[in-house]
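> This is the structure, below, for whatever I ask next.
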Amino acid sequence: MVLVCASSSKCKRNTFLQLAMVLFAVVMARIALYFHNHLDEPLVDPYDANGNPQFSEANALKHVIHLSDDIGYRILGTIEQERAREYIMNEVLALQKQLQDGPNADIHQMEVSLESGDGAHRFDFMNKYVIKKYQNLKNIVVRLSNGTEACKEEAVLINAHVDSTLPSPGATDDALAVAILLEAIRIFISRPVPLTHSIVFLFNDAEESLQDASHMFITQSPLRDTIKCVVNLEACGTTGSEILFQATSNEMIKAYSHVPHPFGTVLADDVFRTGLILSDTDFRQFVQYGNLTGLDMAVVKNSYLYHTKKDLAPYISPGTPQNFGENILAILTYLVSPEADLNNMKSSGTVYFSVFNSLFFMYSKLTSKILNTLVGGLGILLTLRGSEGSFTVALIAQVISIAGIFVIPNIWAYILGNVLDCGMSWFRNEYWPLFIYLPAIFASLFFTESLFKRSEHLALRATIFIFSLLTFIPLPSAYLFTIIDFFMVFALFLNDKILAKPGTVHPLTYFIGSIGAMTVGFESAINLLEIFVPLTGRIGTDKVADNVVATVCVCGFNIYFPLMSPWIQRFRSRCCFRLGLLFSIFVVGFSSFILAKQDTYYDSLHPRRIFVQRMENITSNEVSLHIASADSAPGFDKLSSDLSSLLTDEPVVKTEMDDWNSDWDTVYPFSQFLGSYRIPLNDTVDVTTLPSIKFSNKVVKDNVVNVTVTVEHPGLIWTVVSFDADVLSWSLPEVPSTVRRHHVREVSAYGLDSYSFNMSYLEAPIYFDFVGVDGVGHYPSKASEGRDRASIQLCEKLTNDYLPDWTDTLCIGVVSGNFKLE
């Protein structure tokens, strides 16, 4: 994107330097991408040539395939979840017998238990409160120790969840983690090395229902008080290395430092804590209720298939299970050794990051402050030394330049999404946004840099001064600015002392000054793109996706090309600036036009998520179809209208999604991100066994009512009751006193169909809204068993005949009703 002006002798003289810098940037990016995407060859044999046990991807995939392909959709409350649990228990018991019959029976002790229980907890998400109630959940718990009480009293917990969510068979989320745990058990019992600390393997029953089974374990398990730390395994992608995105103690980060394929950064930790990812894991329950520290790790690349029907074993990239499994083995091997101090698990602000998936660095919060202060302080001193009034002007110009590359691309992003209605045209590829927003950034640079006449050296000093200030940001992820700034400060020092004449910049300064940016900085920029571009397909219908991605591109550009402003000033000429600006604008327009004119912004491997439910209301006797989307790309309104015209003569109705619209309460609080339409159907309600809400033991005293509420939901799963009331107390977790709208989501094991809670509230009529998913009315998981259901028939028809192949549909039958408590 750096232009050569043919009519300018200055541009001609510097053509070689321009090309050299471009080549340097490309080569560095190519090297970084190679290591970023590199995965070792998967292993097949469970033992190496010397007979030592090793992680076998082939073994792990057998478990993944059985759970996700053979058993399929492991939805809590269905028979498939019971079958998955039975399969895992059989595998665990077989491993236990293998240990008992093998040569290591006197070295290891393996205890297996099935822990069940009921409970409730409050789940807060994006300023929403939901009460979770669960019944008869069953966790498979395996403790591996040397048989002594001392070993058992200091345990490492490693967690994976067995269930999957609608509408996903959950190969990576989270059958892969389950398979890794099974492989880890096999390997540890095959090693003739006694454990100093025990390992508790938790195959938890319910994560997708908002982390119920992990809550049950950490609040009810007999082993909970022995747990000293936790390693949580998750996935939202299908390819690449798993990332360490939460690490909360120095000792656990030290454990991670032993992995053969490190890929983690405290920057991911800081981003995750902002809530921008709109996701959470079981790790939250272990921290909140167990006061544990630990590691949270997940496969995140290619999250286009997250929670879709294509989360299947064939889409897991070869090498991903091997990479993940070997890293987990290294972590556990350290944690069960005498070297690990499990009594030193205090939370810390340790800074950590990896480079090229090969090198791992960690240092304390104090060390971080010292390094940041030294590098930043030195940078400020060097840039301010001998400063004159012109530096102030250069600094103001640099601030305006940085502001420009944030503002101008975001203005264009707003126009694309909100004016031209062609937002998210780049969705199918994590790197396609660069075709639009990279030239927009250069256009901004050429424009703003042309406004101020400043020397190249002053522009360099101003750039380094600003990056030096960034090192003082009070976040662990400020390490990134420190590394980038270190090389720039070092380059400036060499330039001023050795390489160049006073007030000039030697070309080598740019190459030296860009080393940090084009290594650690590039990895960070790529990670942001790979996380946020697929994420825009599920962040809601507000038209902000292009602005989010434009901002990510700008941040990535500043991280990778921090010295672009002085570099442009090096070739300053009116001709170069004009041509650069015009060419950049042309590329922006051309790229935007080409991408916008695609027939669709999606394909089968990068699908649009569509949420469909056929709702039968037993109170109004109305049947309706609800169709919703979770992204802001164009076309959904037309898709809904076309669908309506195929099914009925009734007009489609746009519904307002708020806390008082219970249509999508089955996915509350995620429902707040949906844009939904309601299509009335000319069908009759055909619910064989009606749900009900019954009220008993009612006592009224001094305007306060005490009552027992019993919800009966035969044949329905994932039920929700929502209502407005001034609740004074109840047998459920407390909510803030300012909250009047309450949502109680209930899940239970297969076969249970009722639950109760006691409530005390200020006397006034209460209107309960009830919704529940038909236990055999979700498609395609129950396509065969529920083929006589109208919801299954409709879902099948929609999927096969109406909806494009670039959609991925959650399609369910829902029963709703309204009940009044006088």
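Quick reminder: no glycine exception, Cβ is built from N, Cα and C everywhere.
I grabbed these lines from Swiss-Prot:
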ACT_SITE  Glu207  active site, proton acceptor
BINDING   Asp173, Glu208, His307  Zn(2+) 2 binding site
CARBOHYD  Asn146  N-linked glycosylation site
CARBOHYD  Asn291  N-linked glycosylation site
CARBOHYD  Asn617  N-linked glycosylation site
CARBOHYD  Asn682  N-linked glycosylation site
CARBOHYD  Asn706  N-linked glycosylation site
CARBOHYD  Asn758  N-linked glycosylation site
SITE      Tyr306  site 'Transition state stabilizer'
TOPO_DOM  1-14  topological domain 'Cytoplasmic'
TOPO_DOM  385-392  topological domain 'Cytoplasmic'
TOPO_DOM  453-463  topological domain 'Cytoplasmic'
TOPO_DOM  507-514  topological domain 'Cytoplasmic'
TOPO_DOM  569-575  topological domain 'Cytoplasmic'
TRANSMEM  15-35  transmembrane segment
TRANSMEM  366-384  transmembrane segment
TRANSMEM  393-413  transmembrane segment
TRANSMEM  432-452  transmembrane segment
TRANSMEM  464-484  transmembrane segment
TRANSMEM  486-506  transmembrane segment
TRANSMEM  515-535  transmembrane segment
TRANSMEM  548-568  transmembrane segment
TRANSMEM  576-596  transmembrane segment
> Below 8 Å between Cβ atoms, which of the listed ranges 15-35, 366-384, 393-413, 432-452, 486-506 makes the most pairs with the transmembrane segment (548-568)?
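When the Cβ pairs under 8 Å are tallied, 432-452 comes out ahead.
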> Residues near the Zn(2+) 2 site, Asp173, Glu208, His307 excluded, by Cβ within 8 Å of the Cβ center?
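Residues close to the Zn(2+) 2 site, other than Asp173, Glu208, His307: Ser164, Thr165, Ser168, Gly170, Asp174, Cys236, Tyr306, Asp311.
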> Residues of the same chain, at least six outside the transmembrane segment (393-413), with any C-beta under 8 angstroms of its C-beta?
423, 436-437, 440-441, 443-445, 447-449, 451-452, 454-455, 458-459, 461-463, 465-466, 546-547, 549-551, 553-554, 557-558, 565, 588, 592
> Hey, which of 15-35, 464-484, 486-506 has the most Cβ-Cβ pairs under 8 Å against the transmembrane segment (515-535)?
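If we count Cβ pairs closer than 8 Å to the transmembrane segment (515-535), 15-35 scores highest.
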> Which one is it: of the recorded positions Glu207, Glu208, His307, whose Cα lies the shortest distance from the Cα of Asn146 (N-linked glycosylation site)?
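Comparing Cα positions, the closest of these recorded positions turns out to be Glu207.
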> Mind looking up the mean pLDDT for the topological domain 'Cytoplasmic' (385-392) in the predicted model?
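Per the prediction, mean pLDDT sits at 77 for the topological domain 'Cytoplasmic' (385-392).
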> Say we define neighbours as other CB atoms within 10 Å of the CB. Which of the glycosylation sites Asn617, Asn682, Asn706, Asn758 has the fewest?
Asn682
> How about long-range neighbours of the topological domain 'Cytoplasmic' (507-514): same chain, 6 or more residues beyond its ends, C-beta under 8 Å?
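Non-local partners: 17, 20-21, 24-25, 28, 460, 487-488, 490-492, 494-495, 499-500, 561-563, 566-567.
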> I need the nearest neighbour of Asn682 (N-linked glycosylation site) among the recorded positions Glu207, Asn291, Asn617, Asn706, using C-alpha distances.
Asn617
> Note down the number of other Cβ atoms within 10 Å of the Cβ of Tyr306 (site 'Transition state stabilizer'), including every protein chain shown.
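If we count other Cβ atoms within 10 Å of Tyr306 (site 'Transition state stabilizer'), we arrive at 24.
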> Checking the contact step here: among the recorded positions Tyr306, Asn617, Asn758, which have a Cα within 10 Å of the Cα of Asp173 (Zn(2+) 2 binding site)?
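Tyr306, listed in sequence order.
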> Looking only at the topological domain 'Cytoplasmic' (507-514), how are its residues distributed among DSSP helix, strand and coil?
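Per-class counts: 7 helix, 0 strand, 1 coil.
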> Against which stretches of its own chain does the transmembrane segment (366-384) lie, if we need a Cβ under 8 Å and a gap of at least six residues from its ends?
349, 351, 391, 461-462, 464-465, 467-472, 476, 478-479, 481-482, 485-486, 488-489, 492-493, 496
> Any idea which of the glycosylation sites Asn146, Asn291 has the thinnest Cβ neighbourhood at 10 Å?
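Fewest other Cβ atoms within 10 Å, among the glycosylation sites Asn146, Asn291, is found for Asn291.
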